[in-house]
Amino acid sequence: MTEVRRLLRLCHPMRWKIALGVLLSVIVILSNVALMAVSGWFITAMALAGLGKMTLEFFTPAAGIRGLALLRSGARYLERLVSHDATLAVLARLRPWFYKKLVPLAPARLQGLRHGDLLARIRSDIDALDTFHLRILGPGLAALISSVIIVAAFALVSPGVAVMTALGLLLAGVAVPLLVRRATLGAGSALSSARAELQSGTGDLTRGFEELRVLNATGAQIDRLRALSLRLIAAQRRPAWAAAAGTALTNGVGQAMTLGAALILLPGAAAGEVSGPIFAMLVLGAMASVEAVSSLPGAFAAWDATLASARRIFALTDQTPAVSEPAMPETPRGNAVRFEDVHFAYDGGSPVLDGFDLTLQEGRCLALTGPTGAGKSTVLALLQRFHDPDRGFVSLGGTDLRRIADATLRQRIAVVEQQVQLFNATIAENLRLARPDADEDRLWQVLEQAQLAAEIRAMPEGLKTRLGELGTRLSGGQARRLGIARALLVDAPVLLLDEPTEGLDSATEAQVIAALATLIRGRTVLLVTHRPQALALADRQVVIGGARA
Ligand SMILES: Nc1ncnc2c1ncn2[C@@H]1O[C@H](COP(=O)(O)OP(=O)(O)OP(=O)(O)O)[C@@H](O)[C@H]1O
């Protein structure tokens with residue numbers, strides 16, 4: 001139930017919109033019941049008046065019927081408008097909320113998750129949460145409020161019919177939905193995991209088109225996708241069946257309520273205590289009143305899946321970040337880097353660093369080399385404070401990283417990775433991630449320094465060229481140099497270079513090295529590389545997992 005409380009808290013800022021949606025739903029339900037009841041009364045009264053058995057003032061009820069019909073349609077339209085607006089507002093709030101929660105968890109706590117799984121949580125699970133107030137919270141409240149009003153109104157005319165209606169509504173609004181919920185128990189987690197699997201399978205297929213074609217493995221992947229689709233359909237089947245059966249049962253209860261009202265009123269009608277028009281009014285009113293609870297079986301069918309999605313989301317956001325912000329942050333004096341007796345292992349694994357020492361003086365460039373798996377990237381990760389050492393400390397300007405605020409550290413350290421992360425935006429936008437206020441002159445300046453300006457000028461749209469997903473419109477060397485331009489824009493005094501020329505041919509490598517030579521000037525640089533050309537940039541080389549050079 002804690003998930004429900006937490007979902008309610010997330011909906012809290014939208015409470016007035018949600019309340020307005022509920023109010024409009026109540027108006028729809030009540031106007032419908034009133035419309036049926038008044039129509040029943042009116043038709044019977046007209047018939048009796050036609051037989052000369054009563055006199056009838058025609059205009060008021062006829063106008064009332066028209067008014068109720070208009071009210072019902074208008075309120076239904078507004079209810080849809082308001083409820084969907086509230087849903088979109090909730091979703092618009094949930095996505096950034098979730099993303100903000102993820103940021104401090106990256107990368108340490110998200111490494112175990114596949115890209116597709118994360119995407120599924122951001123997309124499907126968050127989307128599934130809209131069910132909570134659109135199909136569960138709103139209809140549940142509207143059902144409760146309108147049921148109470150209907151029963152109270154019936155009680156004024158016939159306590160017997162009121163009691164029967166109350167029982168009918170309890171049956172259709174509580175017992176039937178509980179049955180539906182029982183039938184769908186466990187289906188929710190199957191559904192959300194099938195959805196996530198399909199999403200990540202589709203992602204693999206679209207990202208890996210080229211490789212799959214070359215490997216002639218497209219057929220197998222499509223079969224996998226088909227199997228995942230069938231799994232999703234199978235997972236959807238049970239909740240769909242249960243909801244449909246629930247609707248049928250609810251309608252059945254509605255028919256029984258009609259019959260029940262007639263049976264209760266018959267003796268009174270026979271004795272002349274209940275007039276014909278009142279008889280028709282109550283019978284049709286009882287029939288229509290089941291609408292108050294008719295959406296609840298669907299709501300309960302969706303309940304399990306919604307809670308499963310909520311659980312998956314909260315499981316992620318509840319994780320504590322791998323590192324915490326200092327209570328009293330200090331400003332590092334200078335930019336020298338030191339690792340002192342650093343011991344580190346990834347979550348319970350075997351030690352990666354075991355008493356590691358390193359001194360990098362301010363303004364120097366140190367190359368870190370060593371065999372694969374020796375821990376070079378781990379050293380860079382520790383210096384970016386993605387993790388804290390298990391023992392020993394890492395310092396910048398003489399201050400332990402644990403005492404430096406995250407924002408200060410990000411201003412001090414720029415990174416150029418082997419795989420430069422580019423976004424499906426323009427070149428200018430990709431650059432301005434590093435410095436949103438940089439003007440065009442500044443962008444061209446860093447592009448010149450990164451030896452990329454001429455190539456971008458030759459593109460028809462220049463800085464406005466869109467890079468495509470993951471920067472696919474650029475060659476490997478261009479992407480690297482764009483990464484270097486971005487790092488130049490950060491203008492941080494400390495620079496981490498992780499295999500910046502790996503995988504490039506020697507001509508492209510020479511271009512990238514020239515760009516790097518500009519970038520590292522005057523900065524404190526830790527360079528991870530095996531490439532002799534890149535090694536030449538360094539003043540000193542340290543071999544990790546081997547002898548000191
Ligand atoms: N996120 C992680 N979780 C668990 N173990 C990890 C993680 N990242 C790296 N490792 C392990 O830590 C060890 C050091 O890895 P690291 O990537 O730091 O080495 P490296 O020297 O940079 O290797 P390479 O030259 O291949 O990039 C390896 O055994 C690796 O499997």
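Cβ coordinates are placed from backbone N, Cα and C, and glycine is handled just like the others.
Owing to the predicted nature of the structure, the values given are computational and were not obtained by experimental measurement.
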For the record in TrEMBL, which of the ranges 54-71, 252-269, 504-521 is the transmembrane segment one?
54-71
Same-chain residues at least 6 beyond the ends of the transmembrane segment (20-48) whose Cβ lies under 8 Å from its Cβ atoms:
54, 56, 58, 61-62, 64-65, 68-69, 71-72, 75-76, 78-79, 82-83, 86, 138-139, 141-142, 145-146, 149-150, 276-285, 287-289, 291-292
Surrounding residues of the transmembrane segment (54-71) on its own chain - C-beta under 8 Å, 6+ positions past either end:
27, 31, 34-35, 38-39, 41-42, 45-46, 48
Quick one: mean pLDDT on the domain 'ABC transporter' (337-549)?
87
